[in-house]
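Undergrad: The repeat 'ANK 1' annotation in Swiss-Prot covers 282-311. As annotated by Swiss-Prot, repeat 'ANK 2' applies to 604-633. Under the heading repeat 'ANK 3', Swiss-Prot lists 637-666. Per Swiss-Prot, repeat 'ANK 4' is recorded for 670-699. For 703-732, the entry in Swiss-Prot reads repeat 'ANK 5'. Here Swiss-Prot flags 769-798 as repeat 'ANK 7'. According to Swiss-Prot, the repeat 'ANK 8' annotation covers 802-831. What Swiss-Prot records for 833-860 is repeat 'ANK 9'. Positions annotated as repeat 'ANK 11' by Swiss-Prot: 897-926. Among the features that Swiss-Prot reports, repeat 'ANK 13' is placed at 963-992. As annotated by Swiss-Prot, repeat 'ANK 15' applies to 1029-1058. Residues annotated as repeat 'ANK 18' in Swiss-Prot: 1128-1157.
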Amino acid sequence: MLYQNITNNSCINQALELYHKYCYDKTTYPDQIHTITKALQLDSSSFTAVLLHENIQHLNLEDYNHFNNNIIYLVDVINKLSTIHYKPYAEQYIHFHELLLTINPKLQETAILTSLVPLLHKVSIFNLEYNNTNAQHISEIITNCYIPYLLSYTAHNDLAYLLQDLCFKIQYPEERNRILHYMYWLYPDIDNIIHNIEQQFGNIFRKLNIKASLSYRIKSPYSIWIKTLVKDIHITALNDILAFRAIVPNKKACYDVSKLIHLHYNTITSQFVDYIRYPKNNGYQSIHLVISGGNKGNIELQIRSTTMHRQTQYGSAHHTYKVNKYYVSRTNNNVSVVLFNITLSYSNRILSVYVSIVTITSTINNNLYTDYNTIPSFTQYTQHSTNFVDNDITTCTLSRTTTPEYITYYNNNLSLLIKDTNTIPYNFFLNINLNLSNTVEYKLVPLAVVQIPASNLLFEHNSVFINITYKPILAECAFPATITYTKRHEDSNIRSIFKLFEHNSVFINITYKPILAECAFPATITYTKRHEDSNIRSIFKPPSPTYNTLLATINDKVVLEQYGQKEFLSTTINTNITQMLPIITLLVDPSELNKRINDISDSNKDQLLRLGLQLGCVESVPLLITHGANPNATNCHGVISLHCAAKNGNLDLAKLLAKNGADVNAKTDNGETVLHYAVKSGNLHLVKWLIENQANIHAKTDNGETVLHYAVSFNNSDLVYLLIAYGADVNAKTDNGLTALHYAVYDGNLDLVSLLISHGADVNAKTNSGETILYSAVDYGSPDLVYLLIAYGADVNAKTDNGETVLHYAVESGNLDLVSLLIHNGANVNNAKTILHFAAKSGNLNLVNWLIKNKADIHAKTNSGETILHFAAESGNLNLVNWLIKNKADIHAKTNSGETILHFAAKSGNLNLVNWLIKNKADIHAKTNSGETILHFAAKSGNLNLVNWLIKNKADIHAKTNSGETILHFAAESGNLNLVSLLIHNGTDINTKTDDGLTALHYAVESGNLNLVSLLIHKGIDVNAKTNSGETILHFAVDLGSLDLVSLLMVRGADVNAKTDDGLTALHYAVESDNLALVSLLMVYGADVNAKNNSGETPLHYAVIFNSLDLVSLLIHNGADINTKNNSGETVLNSIMEFNNCNILKSFILGGADINLETMLPDDQTDSIINLCGDLRIS
């Protein structure tokens, strides 16, 4: 039984005794509870509390005397929270939060997680009965109460997501099955997909010579379900079910990786988003692109730097992203998802409220999973915003992220109906009223539902027939509608409509903004119940004409095409519209701007100038320049107005700005000049004019790209020819050593390649890692490009910095056409690490056969002595190995380090290959020069079947390497629980030590696998075994910083005060690592706070040396001797004076340190103590 592993704890023993005394279930419950508590990373106190609560009705006061206050308190909390079960669904949430207020804040997190344990047991987390009514009820409690709580803790987000999907599985099994069905269809061999992408990215990282990491995640069925509803899309339209994230060193590497991804994969251009150049409003930065899956599932990729990743995970980007919340409700077969977002910001006496509410309703068909083409129909509506100015509203703060259902502004009063999952009951809103008299009124109001049938309304407005379909959901709240209309006359002037009318005794406001004729578009309908004493007839004020005109300008097709960043622009405008509207509207109306130009500050003129150029409001530009707008003023990215004009390709505005002093060579923060922007616009005349007006044609960006690089990357041959004609350096290199010819080859553009070479581009130019242009052509996979470059003199035998030729690349790609082309043009097939080695490693028998027929040496060796057969064995391809041996390859060949063919086969983990080699006389007992056997290599591979087979075939399970490592050491180091179990079952000696004195338990602790450590201890390994330097298992666990491992070792009898040969205890280690939690835990288990090392230094000396006030205070509080001396006669105060830490010194003196100890300090240091602590009266 699992729980029996920790029964050395007296509290647990007593709890188990009481449990068996009063409960019928003698075995399964404690076992399951122990598993759940460990999964939630709870300690023995929680396990004990749950056991006690199970028979709480039988306990008396005497029974409680055996347990400490923490355990008794946890039992009480579990008992209180269990009352939620008996509350109606609508009252569960408010009752849960009322109880939260009664829990000690310091213990609240542990108490909530502990109370979750019996709930998870009741829904039978390991054997769910999804149709069980009790399981449904408990999953509702978890969803309603626990998940919102866990989401408020970043550390528990993963647990919350796991529970979300678990409850989804219980509450909506048909929907989950449907989603899983689609997932299997979209990604039928997901493991292979992941493996291939990881391999490809490894190649990309190596080519760029960068240290990077790649991780992936598979979206949970619950997340997929929510997203399909919120985004109004079918599951097959999702791009991020499988998503990868590449973390690279810097911003430059992000773009380098992105370029290679576009070359290697078929990416979806419309899904490429550059959040690095154009960050989200919360500061989020990353490159997003989508790899096409053809007729199967697409794959999303995020590329970000280490700094960007930290900001996303832990900075403001993470915090703001988590503002979004949603709720799901279900009635019969109708599911409604309501998504809320609110931002409240207070500055300069303005409270800005930005609200986004989307409600989606869908009808569930339980048989949807049988029809891939079924796409549910949804409706939704868009954003609203308002702001107001008050006299003094600083006392009104909303400390939590809030989600308003409904917002009104009437007679200088702002009213918000707030639904805050952390503070407000499920079926109530918080009504907040704010007004100019600085009063704030809070009132809980019930969520009322009005039964209004879905309606169709038809009326005529501005010569347009309007047909409205709406379905109200909540009373006193906005709800969505879909409006369809047909244009009657060509000259109809369609404006935004704001209509108030009465329907079914409800006053209804409609706001909609038509964009295109003859189509459906979203509308917002708001309504309020009619009250006889109510003077409010309009919930939302009509949008102002200037706002509508601005939106029309933004949505103008020509403007958007010129700007080229619709999504970025829309986000920017929507976010800042409430604060910038008074200024932005001036751009739309130059006559109004002229009236108010003298009232606008210079900084606002500069801002208006850039914004006007971005939005295409060109009429305002001359007026702003005439009245002093600075054309060289920059925004936060270093962009000046001339950059904006160049990006839009506007030659006339560029001339006007330059005439008024704009710097034609101005650079942005990433080093892009105006000429770079002009090249991106593709305007040949603008580029020519800039060059003729002193724009630097040789200017480089921060990563070394010239304007020629840009022109080539945009495949603009006219611009390339123009730039060359004006003297652009065709051989200029980026910081990575890439020329424009590299770029042309990357894009596969034969015409540009020919153009550049004919104008002097070096066909053998190398990157910083030694790759020539020919390498890029092989990477692109085009025989035509390769042939063209060879015809122009490309060196087919040029080597990279690591000694590889282009033929290696071609062989690695498996492209026989390219290999043949290169060899027939003189590529050498027999280098040190031959082409044949590469072909064998890829497992490509046809390619190996072809190369040998073309005089590749089958007996060739690498510099480290590896033969072709070694590489073939590592590939795991039995047919290839068999073919090579039949063609006289040596089965007994060894590398310089003594590794045989069989070692390489074991490394691959291929049991069939290993079996075949041994049958063909390969030596099963062969050792490398370091003493590693075939079994050692098999243990490294982690292949359980292979290890088991080797043992059964007489491989020596007790074999040691030259340093004394057994197979068990290797298995423990890898953290492989099943492999260790297998070895123990087959009789390995678990207490065997290496030459340095390390046991398998030392290795297991370093692996961090708690279950593996527990298994070894259970099987009798010495928990207090020491290395040759005296380090115990506990020292290793403390050094690793694992509270769980330390707790387990202490429970299983580890000596907390054991010392190393230097006299260091585990407490010394914990203090040195500045780990407050570990120090506390060790002292709980009896660590000697005054233990001295061989130099006479206690843990307190260490705490002072490492300048940790918290540790000093904790040690003193637990009895550390503050006047103790080391072997040199120095007290801890000497160290304090050396580091001049006043706070620690005060702590010591208040704790009773003797500053008058004989010969303790010189007089000048004693005076320093008194000066540092002058505000303390020391007797």
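Any Cβ shown, glycine's included, is placed from N, Cα and C.
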Undergrad: For the repeat 'ANK 9' (833-860), give me same-chain residues lying six or more residues beyond its boundaries with a C-beta closer than 8 angstroms to one of its C-beta atoms, as numbers and ranges.
TA: 803-805, 807-808, 811-812, 814, 816, 819-820, 823, 827, 866-869, 871-872, 874-877, 879-880, 883-884, 887-890
Undergrad: Within the repeat 'ANK 7' (769-798), count helix residues (DSSP H, G, I), strand residues (E, B) and coil residues, in that order.
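TA: Summed over the repeat 'ANK 7' (769-798), the classes give 17 helix, 0 strand, 13 coil.
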Undergrad: What does the DSSP secondary structure composition of the repeat 'ANK 9' (833-860) look like, as residue counts for helix, strand and coil?
TA: 17 helix, 0 strand, 11 coil
Undergrad: I need to check the long-range neighbours of the repeat 'ANK 7' (769-798): which residues 6 or more away from its ends have a CB within less than 8 Å of a CB in the stretch?
TA: 207, 209, 263-264, 737, 739, 741-742, 745-746, 748, 750, 753-754, 757, 763, 805-807, 809-810, 813, 815, 817-818, 821-822, 825-828
Undergrad: On the 0 to 100 pLDDT scale, where does the repeat 'ANK 1' (282-311) sit on average?
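TA: Within the repeat 'ANK 1' (282-311), the model's average pLDDT equals 82.
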